[in-house]
């Protein structure tokens with residue numbers, strides 16, 4: 001059905017060269033924005049940044065070929081960071097991928113059981129509280145890197161984490177803080193200028209410019225290359241992001257993986273997988289409800 005819908009849309013609505021040009025420009029813009037976003041969400045989820053790039057590329061292709069909605073777009077969402085981070089810290093990348101596959105099975109079962117009908121009974125206050133709590137939690141998690149704080153250990157409990165961040169304020173890195181403040185400021189105030197260009201692009205350019213100024217002044221700025229390293233299947237290592245295509249290897253076969261795929265590990269991941277499925281279902285259904293109201297479908 002998605003392929004047929006795509007063909008019908010192209011022929012019935014006369015998919016012209018002008019429309020293709022607009023879609024091409026939009027695709028390039030979204031692609032540029034998706035690069036730092038995907039890496040940021042991967043880092044926030046507790047895995048290396050290259051996995052965010054791989055996921056964004058593969059998911060974009062799969063969703064474009066299999067998605068059936070013309071009024072919505074699909075992509076990574078920061079709401080999952082709160083659930084994914086504890087899983088990756090405890091089970092590593094392999095455990096995170098297994099939990100993701102399990103959540104997909106749960107979503108299929110929910111669809112067969114017509115779970116979508118239950119969205120009508122979820123109070124708006126619950127949804128607002130849920131999303132607000134996620135936003136506050138994610139914002140707190142980013143303070144360390146936003147200000148360049150030096151912390152040997154970040155507590156898992158929220159209140160303990162806030163206390164540790166407060167105690168680490170004297171270690172603030174002025175360069176990192178300047179880049180973060182300038183980038184965030186542009187993202188917040190750019191829409192008020194009424195310019196059609198998305199604020200993400202100027203924010204990226206401004207952040208790079210501030211980093212160059214900090215380096216010229218002799219300051220130090222944390223980068224992907226200085227903060228992350230990778231280990232390939234053959235045991236070779238390096239800093240930053242691998243300069244080659246993704247390797248087709250099972251994650252638990254990587255040299256740095258400590259995860260073992262057993263029935264016990266699957267049972268341990270069940271609660272996390274169910275939480276991921278519930279969050280994905282609720283977010284998707286809420287978006288569908290909003291789109292129905294906007295499009296009259």
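The backbone N, Cα and C atoms fix where each Cβ goes, and this holds for glycine too.
According to TrEMBL, the domain 'SLC26A/SulP transporter' annotation covers 20-296.
The feature transmembrane segment is assigned by TrEMBL to 24-44 (among others).
Here TrEMBL flags 51-71 (among others) as transmembrane segment.
Annotated transmembrane segment per TrEMBL: 91-109 (among others), in sequence order.
Residues or ranges marked as transmembrane segment by TrEMBL: 121-143 (among others).
The annotation transmembrane segment is assigned in TrEMBL to 163-189 (among others).
Summarising the annotation, TrEMBL assigns transmembrane segment to 201-222 (among others).
For the transmembrane segment (269-291), the residues of the chain that approach it from at least six positions outside its boundaries are 69, 71-72, 77, 79-80, 83-84, 86-87, 91, 95, 98-100, 102-107, 110, 115-116, 119, 122, 127, 130, 297, judged by C-beta separation under 8 angstroms. Annotated transmembrane segment per TrEMBL: 269-291 (among others), in sequence order.
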Top partner of the transmembrane segment (201-222) among 24-44, 91-109, 121-143 - counted as Cβ pairs under 8 Å: 24-44
